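These features come from TrEMBL:
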DOMAIN    15-75  domain 'CBS'
DOMAIN    84-139  domain 'CBS'
Amino acid sequence: MFSIRGQDMTLQELLDQKGTSIIYVTSSTRILDAIHTMCDHKVGSLLVTGDDDRLCGIVTERDILRFCADHDGSLGEALISEVMTPDLVVATPDWTTDQAMSLMTGQRFRHLPVLSGGRPMGMISIGDLVKAKLKDVSVEVKYLRDYISA
């Protein structure tokens with residue numbers, strides 16, 4: 001893809017723009033409490049830590065919806081450990097937005113933790129990537145219009 005900057009934006013640059021706030025829950029958190037946390041922070045995913053504070057998974061809105069569908073909408077006292085995805089797919093800050101978008105669209109998920117040296121640096125959503133791409137395209141269109149009209 002043509003880029004005025006000459007290169008695609010890195011995830012570190014994207015995190016610098018959007019912020020690096022990450023919301024966590026423990027694997028022993030009740031699903032209902034995690035839902036409230038998601039709503040309070042207006043996020044669609046939470047990183048999950050174990051009792052030892054080590055990262056052990058991710059839980060998303062979609063994970064919770066599947067659980068609700070499988071249990072006739074009843075959450076009861078169910079815990080995050082019952083719905084979370086334990087096998088994290090992660091990126092590093094030096095990845096480009098194109099690499100992240102390709103992975104996320106190819107594997108059909110919407111939230112990608114960014115880790116550096118095993119430590120979470122931030123969370124990228126597919127919406128963040130689309131927004132960054134739209135901004136790039138807008139800049140390219142402006143430069144091309146200016147070039148054509150010059």
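For all residues, glycine too, the Cβ spot is worked out from N, Cα and C.
With DSSP states grouped into helix (H, G, I), strand (E, B) and coil, the domain 'CBS' (15-75) comes out at 25 helix, 15 strand, 21 coil. Counting residues of the domain 'CBS' (84-139) by DSSP class, helix then strand then coil, yields 25 helix, 16 strand, 15 coil.
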